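Undergrad: Here TrEMBL flags 43-153 as domain 'Ribose-phosphate pyrophosphokinase N-terminal'.
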């Protein structure tokens, strides 16, 4: 039986011709495969930061529709192809936190099912970051949110000044925790006259590390407010100092644990000399401002003649603008990680520092595969 003559590999496919224009189309798609920037928020005030970032990147904001239906459900529609592209979702968190979280989750899932290559969340203020520790019979909500974001399809997060740096460990993908301190330090140097006569203040021992970082960089002194106002009789009636009722408690005869002494804060004291100086209180979040107002009153009593408050995230909830306006605080400086235009109209003391520059540079570097080390120059673990 005669053997068949097998043609060489090349000649077998020599008669195959690609459809006309296929090579050009592939080349065009390869050139277009880049990144898109979307805003996951349905309110105009929250898209302002996204517009600033896209202007710096020289890009257009992605076409999408995010809205609430009459029954309160969130609906997201992506209006352009995202197949094989890096997608950056910018989500600022307004007062309605839960709606913003759902918008982010649904948009991430919509992009995932539309075959986006990477989905990076740009969340300057990470919600629920205060609920990052177990308290009695509560739960670590921040870890739950991290799991939900991963399940929805996010592969990377860019955020700023997490309330606790350990939150990064809740995620199963990379988290870039940027810092706003360079912008706030620049504001102090350029906008506060005679800042050399200032002293950095931590309104509680918990904020001492952040305050120490500012003081060392500005070559200024450091003061810490410690303690709390003494309890009145009415405060004693709220049950804080009463042990819980224990019925039929059984203890093993051979087990006698040492009794833990209850904590009791001393009267308010200021560690450090603030007399005749500008006091600059620094923190990461300013939300309910009662503690800041109380700290300002104490600093005034100790002789500080001007009081500034510097914070990354200006949530400024409830009556915060009115309380600031009526207080001894001269100026509150926050970044635009959270929209607060309404609060600024209510209180002229509130000033804003733009941080869109560092967010846009982080987006550019991640897309191009460049190192992020430049954005963390001179940043230490304690910062």
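Cβ coordinates come from backbone N, Cα and C, glycine included.
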Undergrad: Could you tell me the mean pLDDT over the domain 'Ribose-phosphate pyrophosphokinase N-terminal' (43-153), as a whole number?
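TA: Summing pLDDT over the domain 'Ribose-phosphate pyrophosphokinase N-terminal' (43-153) and dividing by its length gives 93.
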Undergrad: Please count the residues of the domain 'Ribose-phosphate pyrophosphokinase N-terminal' (43-153) that DSSP assigns to helix (H, G, I), strand (E, B) and coil.
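TA: Tallied per class, the domain 'Ribose-phosphate pyrophosphokinase N-terminal' (43-153) gives 43 helix, 22 strand, 46 coil.
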